[in-house]
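Q: OK, TrEMBL features for this one:
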- 61-83: domain 'EF-hand' (DOMAIN)
- 84-119: domain 'EF-hand' (DOMAIN)
- 139-174: domain 'EF-hand' (DOMAIN)
- 175-210: domain 'EF-hand' (DOMAIN)
């Protein structure tokens, strides 16, 4: 998987989604990309970090014990009145349980909620979102979707290395190429040369220190 497209394929790269969930994620992101983004530069994303961090930490206070198992995730969706099929819940659980310990940690749970936000972007979902009882989170998720759309220059639902370089170069930062490569490597953890929204979210939770929060508590 991955790799640059041949010259005949135009400059856009074609990636094949590995799961149904990823295909839906990419489709939803392409739909959002067609609406445009309010982000003007990569710097403006970074400036929003403290606000996003604060919102996620408040959400942490509402989270119960350390990790969420499959049944708890189902109950959580039931409570939010978000209708997912058993298969979709399984896909979400598998996709977000990155260390495969059969329990979703807090940073993984944030990713699940944000994916739910993206995938259920309709009237029913909007009602469910308000039931999350976390109005700040909705704004946070919206900012994260907006940030991804800003990075995804060709609107194909993935961020490539070139797009990352372009976004950071636009910010006018010195040594921007090196920063872009570092950020891209942090996001592309399956090393296939493209980043989907889920990978972007996991990188983001580590950038704002969600992983550190869990380590602190365990100590």
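The backbone N, Cα and C atoms fix where each Cβ goes, and this holds for glycine too.
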Q: Over the domain 'EF-hand' (175-210), what is the model's average pLDDT?
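A: Mean per-residue confidence for the domain 'EF-hand' (175-210): 83 out of 100.
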Q: Counting by DSSP secondary structure, give me helix, strand and coil numbers for the domain 'EF-hand' (175-210).
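A: So the counts come to 24 helix, 2 strand, 10 coil.
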